[in-house]
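This report concerns only the one structure given below.
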């Protein structure tokens with residue numbers, strides 16, 4: 001700001017006469033002094049800049065307050081299955097670690113959403129040895145030893161576990177763990193710490209088990225004579241399940257043994273599965289196999305995840321090499337688009353039209369065939385999804401609706417192509433010009449790395465502030481379960497629901513039924529209830545959310561304006577070879593010196609829109625439990641409206657930044673000028689937007705798919721020295737990395753095309769190709785428009 005407003009020799013305000021702008025929607029007039037982005041400009045939207053700086057100071061204070069009063073350790077405290085905080089609540093104050101009864105349950109794909117469903121208990125220390133109840137061969141002579149190794153829930157009295165039968169009942173009811181692995185604490189959670197190369201732990205008879213042949217069996221459905229069809233379906237499915245499971249178990253063992261990563265298998269008791277299959281118990285109770293199938297599935301998911309991680313650790317260097325190659329491939333593709341853009345676009349359009357035409361023809365043939373043979377269109381009622389889908393496609397009405405839908409899409413597409421064919425040609429020409437502009441100022445390709453780093457800083461900062469704010473407050477504990485307990489007595493007058501202190505509760509409340517006076521209560525406790533948070537913290541949370549959205553949008557706007565200045569300078573330079581070498585640096589300095597207020601204004605508008613959309617998503621999530629059709633419809637309409645509004649505002653903001661980069665006007669004036677210019681060329685705008693969007697997506701998809709195919713071919717061949725479990729894992733990672741990198745580079749290309757498009761529209765309105773008013777556009781664009789220099 002000092003350079004902007006405190007130095008008169010650097011900045012000279014321009015008057016309205018410096019640049020001739022039209023009123024309302026009149027075309028732009030010729031200005032002999034206009035040579036591209038103005039060097040004489042002033043600070044824009046200073047009140048918005050002052051507001052933004054003030055907000056940043058307030059956000060900084062929020063961060064300082066959060067760090068001073070918050071404690072992240074409070075958020076990392078584990079909670080057992082009964083809701084007790086390990087090491088915090090009175091019953092588990094001396095047990096700070098959390099152990100899982102069946103860790104394989106935590107390998108399910110929906111765990112981040114639904115949580116880990118296995119029983120979880122607090123313990124004083126993590127298990128220091130492996131334990132499996134079935135393998136321990138429980139008998140009266142070793143029952144005491146087994147009981148000492150058991151890990152059970154807090155309300156279980158181990159002294160009651162006097163026989164093996166009682167222990168089995170407690171394990172079956174999930175009150176004690178059947179298996180336990182040696183583990184170490186990680187963030188106060190006991191995580192398995194198993195050495196590799198324990199393949200020998202698999203029973204010998206299991207490793208040498210011959211393939212099992214399935215036998216057909218009947219179910220009790222034979223008794224239902226009136227449901228013969230259902231019986232046949234059920235019999236077939238169960239028979240297939242038996243055969244599949246037999247092959248699945250043996251194949252699983254073969255694969256896991258080959259990859260030497262089966263140390264967990266000793267906990268699965270696979271021999272029970274094999275015995276069940278061999279004895280034929282499925283004939284009488286086919287559901288007996290269900291728990292074994294679930295166990296096999298869970299451990300398979302866990303081992304698959306482990307092998308994927310092993311593949312990544314083994315191949316990460318080559319993955320980085322292929323991603324680095326994708327950077328080079330992206331640059332080559334952008335440079336080549338000036339030659340391949342036209343055939344790529346037209347081949348894609350013709351391909352889509354051809355595919356739709358064939359779809360219409362095929363749908364019509366199917367419709368006629370089914371109408372002519374109605375007997376063949378029998379609908380098979382079956383619970384099988386594939387059968388249900390097949391029944392749909394045997395209906396003439398299904399093909400009629402498909403025919404109508406494809407015909408409408410085809411007609412609309414043909415009309416759009418016919419009406420916009422000339423505009424599509426112009427859009428392709430601008431794509432070629434964009435490729436030239438990016439190649440002329442090659443540093444712009446890597447410039448998006450700067451805003452990406454800044455956005456990463458904003459995300460990390462806002463997340464840390466969120467976590468520290470969430471940890472602020474005083475924990476509130478209340479007495480729970482005292483009324484229902486017949487043996488727990490508190491000598492200090494604690495009553496049910498009273499606010500309590502865990503230490504005082506342990507000292508003054510005792511279980512009178514226990515042998516020793518010092519035994520704590522098991523049926524009642526001082527439970528953590530909530531965190532008493534100061535009211536100002538909620539306000540700070542709101543400030544943090546606003547700061548996150550505003551700064552993310554601000555950084556994105558900064559990138560767009562800098563690139564717009566660079567590409568506008570390239571367009572309005574007649575001799576492209578004389579383009580300033582540090583044109584990108586000039587764009588940065590002009591934006592920082594003069595237009596941060598404009599960026600703050602535009603980004604605030606987008607941020608408000610995003611916040612409203614986030615609130616609507618939150619409300620929709622909360623109201624899903626209520627089955628109210630009217631409420632859902634209103635929310636759906638609001639979400640759709642604000643999505644459309646945000647998309648329009650993003651489009652308008654980008655063009656406003658381009659106009660501001662050229663003329664140095666404030667946000668409102670720039671947005672008005674850009675909107676007027678675009679509305680006078682609305683068909684060209686539509687064609688350019690759709691063609692460029694489609695081409696960019698196609699290019700990114702083509703590039704990412706090609707690099708993924710090369711990666712998979714490499715790892716699936718004999719070239720690499722490493723042996724991977726899944727060659728597709730590095731291929732998927734390379735696909736994702738390449739797509740992200742291509743998106744970064746093509747974001748520059750997108751700004752280039754939009755900037756050149758606005759400059760092109762101004763060029764054809766300001767100039768006529770005469771000696772006095774020559775065009776700035778290339779000869780290719782002049783030829784397409786049927787214009788030439790006079």
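Yeah, the Cβs are placed from backbone N, Cα and C, and that goes for glycine too.
Annotation source Swiss-Prot lists transmembrane segment at 47-67, 288-308, 319-339, 344-364, 400-420, 449-469, 545-565, 592-612, 691-711, 728-748. What Swiss-Prot lists as N-linked glycosylation site is 102, 259, 384, 483.
Sequence-distant contacts of the transmembrane segment (545-565) (same chain, six or more residues past either end, CB-CB distance under 8 Å): 37, 52, 55-56, 59, 62, 444, 447-448, 450-451, 454-455, 458-459, 462, 583-584, 586-588, 590-591, 595, 598-600, 602-604, 606-607, 610-611, 614, 653-654, 657-658, 660-662, 748, 751-752, 754-755.
With a cut-off of 8 Å between Cβ atoms, the residues of this chain six or more beyond the transmembrane segment (691-711) that come close are 319, 322, 325-326, 329-330, 333, 337, 341, 344-345, 348, 424, 427-428, 430-431, 730-732, 734-736, 738-739, 742-743, 746, 749-750, 753.
The highest tally of CB pairs under 8 A with the transmembrane segment (47-67), across 319-339, 344-364, 400-420, 449-469, 592-612, is held by 592-612. Within the chain, the transmembrane segment (319-339) has long-range Cβ neighbours (under 8 A, six or more residues past its boundaries) at 312, 431-432, 434-436, 438-439, 445, 695, 699, 703-704, 706-707, 710-711, 714, 730, 733-734, 737-738, 741-742, 745-746, 749. Note: the CA-CA distance between residue 483 (N-linked glycosylation site) and residue 102 (N-linked glycosylation site) rounds to 33 Å. Sparsest Cβ environment among the glycosylation sites 102, 483 (other Cβ atoms counted within 10 Å): 483. Same-chain neighbours of the transmembrane segment (449-469): 59, 62-63, 66-67, 69-70, 72, 75, 537, 540-541, 544, 547-548, 551-552, 555-556, 558-559, 744, counting only residues six or more beyond its ends whose CB sits under 8 Å from a CB of the stretch. Below 8 angstroms of C-beta separation, residues 349, 352-353, 356-357, 359-360, 363-364, 367, 683, 686-687 of the same chain, each at least six residues beyond the ends of the transmembrane segment (400-420), sit close to that stretch. If you look at the transmembrane segment (592-612), the same-chain residues 6 or more away from its ends with a CB under 8 A from one of its CBs are 3-4, 10-11, 41-52, 545-546, 549-550, 552-554, 556-558, 561, 642, 645-646, 649-650, 653, 656-657, 660-661, 664, 666-667, 670.
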